[in-house]
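Working notes, structure below.
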Amino acid sequence: MIEKLRNIAIIAHVDHGKTTLVDKLLQQSGTFDSRAETQERVMDSNDLEKERGITILAKNTAIKWNDYRINIVDTPGHADFGGEVERVMSMVDSVLLVVDAFDGPMPQTRFVTKKAFAYGLKPIVVINKVDRPGARPDWVVDQVFDLFVNLDATDEQLDFPIVYASALNGIAGLDHEDMAEDMTPLYQAIVDHVPAPDVDLDGPFQMQISQLDYNSYVGVIGIGRIKRGKVKPNQQVTIIDSEGKTRNAKVGKVLGHLGLERIETDLAEAGDIVAITGLGELNISDTVCDTQNVEALPALSVDEPTVSMFFCVNTSPFCGKEGKFVTSRQILDRLNKELVHNVALRVEETEDADAFRVSGRGELHLSVLIENMRREGFELAVSRPKVIFREIDGRKQEPYENVTLDVEEQHQGSVMQALGERKGDLKNMNPDGKGRVRLDYVIPSRGLIGFRSEFMTMTSGTGLLYSTFSHYDDVRPGEVGQRQNGVLISNGQGKAVAFALFGLQDRGKLFLGHGAEVYEGQIIGIHSRSNDLTVNCLTGKKLTNMRASGTDEAVVLVPPIRMTLEQALEFIDDDELVEVTPTSIRIRKRHLTENDRRRANRAPKDD
């Protein structure tokens, strides 16, 4: 049985098609009934993942093909979710690197591939989308080889098999000129090149928990790969946590994977990836083992957080109107629940009972958490993301990121100038000969906060930007990436009126239209100059009975700017907050009245 088992992780950059590839592998292996209605993008299970087209949580699926059982674990591509990636690598024996036949390998793939090499895994490279116009598979293979060399791959890892595929059409082949009619070459490559798990079948049971799931019916579900021995329902086991404390428990159900379903099994053997219920409170990296042989496996390491922000109770005048959960206790309970499976997250209580400091791997990591909370009915206010400085050998250090930008040549100058002002160092410049340039930078993380939206405007939406955490290094002196413009602040509470907004359009760009509810201290637009301006957007037109009301010109408003959560977080300054509720995202000053703001500006800065 063990010789027929294969465990493999899939690595791919956002939008290179790994989720579609898994769909097709499932359909063609007969794991899904071909007549059954197949759901698209099966691996991206939560709404946020489907909307953004990114994978956040690592997920498992299993395929049966010609008596072989292939466990496939999907990995998140973003370094922000590096905590997930670490754990996946401890469960598999090889990685499937999916690369777009036009784009080539991207920095996010680099991050995950580096982790895979550190675990000594050998890759299989899948060049996907070979049918797309402009595909250049040979160039991509060279790029992948160069990437592997840069990551210090061993000779064995550099001798990798290549499979060409078009996941959308469900075909693969060993040569991009000569494709088979289905995915068989890819299944064959997995079976031939992935080693069977190197495990001890006869020893006492031992496994490490590398993922957690929660189900209100059975409680916490621990997922991991059995290192040695066998496990069956109702077996007595001992659990060792990361501090070495032990406790006894009884296994409830043992669930294996088939397709996307979890199916109950009576016996699971070493090498297989299973889910176990009934073990009570579990943590990532706990070891579950036989009661007679209590041996802990080495703990899984997870990268430290690099960005933090404050989650505060919503104190605006509209507090409680739109959300169900608004108190500090509810917010803290929700954050503690998130800590159970989100291992790269840290939550600290502050002196202020209504504010919590939440640290994570990056802006994306934290904004995904905020978006999830908002959908669950929470109301909260969040501050601007700040990077976490460290003291190393008496020197203050800050995080740096590798950034890859792909821009049209006409925008190259302005982008390079902007990154120069944000203290970025150009490492590599690579024109593709077709009017686009790829730029590689190393830049302090704080220089990137707020840069994405500016970059999109600069390149008229045609630029691509990817970043991954690189390392900690000495702090560069000076401020980075401060907002140039001031803001327009409402001076009262009520409904915004078109007549008043029309008069404000010359002052800057507005965030809201006619009829929107506003309150004092809410930011309603960007000022065209660098200072903040308190304005009145509530006054209607004075009507007299001297004139017919129809003779005046119609008021025409420019459509307002609608900000997403990420854009709002990038936009705000240190004295501002983003108010997040289930139905709206508003930006406000930390001090709502003008008197309070003046008083705060006079107070000495304690930074």
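Counting begins at 1 with the first residue displayed.
The backbone N, Cα and C atoms fix where each Cβ goes, glycine too.
All protein chains shown were included, and the count of other CB atoms within 10 Å of the CB of Gly17 (GTP binding site) stands at 23. Secondary structure at Gly17 (GTP binding site), taken from DSSP and collapsed to helix, strand or coil, is coil. Under the heading GTP binding site, Swiss-Prot lists Asp15, His16, Gly17, Lys18, Thr19, Thr20, Asn128, Lys129, Val130, Asp131, Ser166, Ala167, Leu168, citing experimental evidence as support.
Positions annotated as domain 'tr-type G' by Swiss-Prot, on the basis of sequence analysis: 3-198.
Under the heading region 'Domain I (or G domain), required for chaperone activity', Swiss-Prot lists 1-202.
Each residue in the region 'Domain II (or beta barrel domain)' (203-320) has a pLDDT score, and their mean in this model is 82. The region 'Domain II (or beta barrel domain)' annotation in Swiss-Prot covers 203-320.
Taken from Swiss-Prot, the feature region 'Domain III' applies to 303-385. Within the region 'Domain III' (303-385), the DSSP-based counts of helix, strand and coil residues read 27 helix, 21 strand, 35 coil.
Taken from Swiss-Prot, the feature region 'Domain V' covers 386-482, and the record attributes it to a curator's inference.
The feature region 'C-terminal domain (CTD), binds A-site tRNA' is assigned by Swiss-Prot to 483-607. Each residue in the region 'C-terminal domain (CTD), binds A-site tRNA' (483-607) gets a DSSP state, and the totals come to 29 helix, 30 strand, 66 coil.
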When a 10 Å sphere is centred on the Cβ of Thr19 (GTP binding site), how many other Cβ atoms does it contain?
23
For each of the binding-site residues (Asn128, Ser166), count the other CB atoms lying within 10 A of its CB, then report the residue with the highest count.
Asn128
Going by DSSP, is Ser166 (GTP binding site) sitting in a helix, a strand, or coil?
strand
Most Cβ neighbours within 10 Å: which of the binding-site residues Val130, Leu168 is it?
Val130
